[in-house]
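First comes the structure, then the notes that go with it.
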Amino acid sequence: MDDQPEMKAKNPWHRPRIIFITVLFVIGIVSMVAIGVVQNKPLHQKYKYGIVLDAGSSHTSVYIYQWPAEKENNTGMVQQMDACNVPGVGISGYSTEPNRAGDSLKSCMDKARSIIPNHRHPETPVYLGATAGMRLLEMKNAAASEKVLESVERVLQTYPFSYQGARIISGQEEGAFGWITVNYLNESLRQASGTLGALDLGGASTQITFVSGQKQESPDNSIDFRLYGHDYHVYTHSFLCYGKDQVLKLSLANEIRPVHTKTETIVVEDPCFHPGYRMNKNFQSVFNSPCVTGLSYPEKNFVHMGSGNGTKCHAAVRKVFNDSGCSYSICSFNGIFQPRVEGQFGAFSAFFFVMDFLNLTTLSLDEAKEELGKYCATPWEIIKQNHPNVKEKYLAEYCFSGTYILTLLEDGYNFTSHNWQDIKFIKKIGNSDAGWTLGYMLNLTNMIPAESPDTPPLPYGGYVTLMVLFAVMILLLGLLACKVFRRPTGSAQKEII
Ligand SMILES: Nc1ccn([C@@H]2O[C@H](COP(=O)(O)OP(=O)(O)O)[C@@H](O)[C@H]2O)c(=O)n1
Ligand SMILES: [Ca+2]
């Protein structure tokens, strides 16, 4: 026993052996980490793509989505890669020359073809969903709406993608998919609580959709979802004709009716347009919609004259809501069942565009009303000077649109100054626009499973961090062991010397 240290000290291979073992040990650890990292990270992130065309009443937008090829069932994975606004009017605007509807989509579809990698084209689904503009055209002229859909279908089929159909979606689908979109993007679908209600304002319809704990009294307004293992009872309603462009017609028609017979030159004084605003318009532009009934003298013109009075505008806009005749315990308007609004809401599309233009998105309800009153009373000349780059047709309508939005939310949906702060006016969540298109695609590609998908217990980043930590720990322990192992040898050598 006593001569053992002496034997070790005399062995000339002892030191190189320790070095050799240590080097092997370090190489082993480094290799382990490297293999772990390489094995678990795809060298090139592979993406898949999907295209949805939102054929709205006022215009068409083409949305391109992308997601990592291997993770399509995880929430938050699908993101908007690009959005393209089709030039010109919405497809329902081509009812008299349907072929132009398809042609109008070409510039945005060419762009989609150029930005999606070629090898992915054949597997990239393309969906077109048409909303309230086409619903109205179908009511007015079913043959024309059919021709428009055929025209867009013909053009979409000429692209190298996987064409999946062009159809008019229902108001209920529009509301439900808008709700899915905002909650998918908000990542609230994994936790059963705290979903975001969805408020969508278009040109020809508006949708309200939210999870309600109250009794659903009307089956038409109730949808049950099972998503990622959670059940949701969702209230939804779409008001056809209550998009901002159709309500402008409805409210103008209300102003025209009492005056049109009295005089030869018909002057319609409108509190929702600025003082000094004066425009010749024809009846056709107001009474050409199935939303506006009653009077029709297409040949007649009228002078649309602004008087800029917020209070009177509010009173005029209120007239488009029918508050009598609710056959349920509680209604929004026009006899439609709606439980009390609950929770946080995301208000997007024209809700956002208008409120953002008017700088009202962060104000309280009372402040918003006051600011809007001042804006409406501002002379038209000054408004034009302040916004030289905004098209006059759109600029002229913001007082009306802002008043309609506040009236719809307060008098229609029954929001109050107490829960006004629960409405968040949003355009995007992350990089993706809020709207029905993403939810529509997620549903049609089965990317939202009913049950929660199995996921690795650790995300990739956590896995790598743990591997590195363990490797460093083993390395340190190894070095420590070497040191301990060498110490008695060193002391024994000293003793011998
Ligand atoms: N930058 C923009 C884009 C659209 N908009 C308006 O947002 C609305 C979009 O409606 P839409 O074309 O989706 O119509 P729906 O079919 O959804 O009713 C229209 O009233 C547009 O005028 C806006 O105010 N500002
Ligand atoms: Ca829309």
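Keep in mind that glycine also has a Cβ here, set from the backbone N, Cα and C atoms.
Noted in TrEMBL for the protein shown:
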{"type": "TRANSMEM", "residues": "18-38", "note": "transmembrane segment"}
{"type": "ACT_SITE", "residues": "Glu174", "note": "active site, proton acceptor"}
{"type": "BINDING", "residues": "Gly203, Ala204, Ser205, Thr206, Gln207", "note": "ATP binding site"}
{"type": "TRANSMEM", "residues": "460-482", "note": "transmembrane segment"}
Of Ser205, Thr206, Gln207 (the binding-site residues), the residue whose Cβ has the fewest other Cβ atoms within 10 Å: Ser205
Candidates near ligand 1 among the recorded positions Glu174, Thr206, Gln207, judged by a Cβ under 6 angstroms: none
Surrounding CB atoms that lie within 10 Å of the CB of Ala204 (ATP binding site), all protein chains: 28
Distance [Cα-Cα, Å, rounded] between Glu174 (active site, proton acceptor) and Gly203 (ATP binding site): 14
Other residues, Cβ within 8 Å of Gly203, Ala204, Ser205, Thr206, Gln207 Cβ centroid (ATP site): Ser57, Thr131, Ala132, Asp200, Leu201, Gly202, Ser238, Phe239, Leu240, Tyr242, Gly243, Lys244, Gln246
Among Glu174, Gly203, which are recorded positions, the residue with the most C-beta atoms within 10 angstroms of its C-beta: Glu174
